[in-house]
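Have a look at the structure below before the remarks.
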Amino acid sequence: MGCDRNCGLIAGAVIGAVLAVFGGILMPVGDMLIEKTIKKEAVLEEGTIAFANWVKTGSDVYRQFWIFDVLNPQDVITNSANIKVKQKGPYTYRVRFLAKENVTQDPETHTVSFVQPNSAIFEPSLSVGTENDNFTVLNLAVVYNNTADGVYKVFNGKDNISNVAIIDTYKGKKNLTYWPSYCDMINGTDAASFPPFVEKSRVLQFFSSDICRSIYAVFSTEIDLKGIPVYRFILPSKAFASPLQNPDNHCFCTEKVISENCTLYGVLDIGKCKEGKPVYISLPHFLHASPEIAEKIEGLNPNEEEHRTYLDIEPITGFTLQFAKRLQVNILVKPAKKIEALKNLKKNYIVPILWLNETATIGDEKAEMFRNKVTGKISLLGTVEMALIGVGVVMFVAFMIAYCACVSKKVK
């Protein structure tokens, strides 16, 4: 009887040890299987999850505009007064609803090329007025038209998943021809997705044709998006800093007068890629810009929550599941003796014309699919691993204690 009890206790301890060891073995094996699956499904080729979501976004993308209405144009023209503005908006358009066009795979270079149609549909129910509303603004505002953006050529990740979605060329070139030195490089992806297995320490590089340059985002916080854990990456203020604050930005300062010898920050002169028009890009309401720029404009209220740009990335796949791209279009206005409206001006103005907010969030159906196919399975595997280890350890310890107690009692 004593032998049977001891043998049973030893058997229980052995089973517990086996469960714990199996759970431990399952951890690297499970991670390896997950990595293998992600590497397969993240490739941009027909039949993968990534390709299906890449060709046509599964989320509704909206681009909202706020127009700055100038309230005192005559006072500015006559007395060179500060410009008083009041934003009106949003005027909302649904964009990026068309699939990528001319999608062509190149098996030799492991790239895929495409163009992104830029059609837009006005959404009256999400707008404060109609497209026929009148404003007092300058006539030089940049028009977002219906032409396609591209041609882009990106790596499909077939040979190296760490390169997937990274832009190889834009309009047939590896550089933009707008900026000197490395500032002219086309870096990273188009921000719709990034190579998988994103770590918090990674700097996410991406190119935006809207601002005619490559830029980057850094990790801010973790959030839960419809039951999916995501990393929020934000554009840091140093991305638009002056060369004095961030020496890496020296090649984005292309003139010395308006920038006050490259000391002003928070605005970017993109005239070279806008047919020579004096267009400047900034964050909305001159968020993170030099006070000298904003002090000439009354009626601005910058705040981080409403006016920052962010990307919410699912770290295992690298997919962008939610984003808000916010930027402001401004025009340089300066004294001009031969132009009647400008001859009395005593100072330069960088005048805000409009700011836009382009946003998208993964839909409920897509989120459920994502949970079921990706994060749910990974979470379940982790739970099983920890359960096996936990139960195994408890069983081993409990049965060993019981066995030792039984042996001790028998000796006495």
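Heads up, the Cβ atoms here are built off N, Cα and C, so glycines get one too.
According to TrEMBL, the feature transmembrane segment maps to 7-29 (among others).
Long-range Cβ neighbours of Cys251 (disulfide bond) (same chain, at least 6 residues apart, Cβ-Cβ under 8 Å): Trp179, Pro180, Ser181, Tyr182, Cys183, Asp184. The disulfide bond feature in TrEMBL is assigned to Cys183-Cys251 (among others).
If you look up TrEMBL, you'll see Cys212-Cys273 (among others) marked as disulfide bond. Remark: Cys212 (disulfide bond) has Leu176, Tyr178, Ile270, Lys272, Cys273, Lys274, Ile281 as non-local neighbours, by Cβ distance under 8 Å and separation of at least 6 in sequence.
Residues or ranges marked as disulfide bond in TrEMBL: Cys253-Cys262 (among others). Cβ neighbours within 10 Å of Cys253 (disulfide bond), excluding its own Cβ and spanning all shown chains: 22.
Annotation comment: TrEMBL describes 386-406 (among others) as transmembrane segment.
As annotated by TrEMBL, site 'Critical for TLR4-TLR6 dimerization and signaling' applies to Tyr403.
The ubiquitin cross-link annotation in TrEMBL covers Lys409 (among others).
Here TrEMBL flags Lys412 (among others) as ubiquitin cross-link.
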Nonlocal neighbours by CB distance (under 8 Å) for Cys262 (disulfide bond), same chain, sequence gap 6 or more: Ser242, Pro243, Leu244, His250, Cys253, Lys256
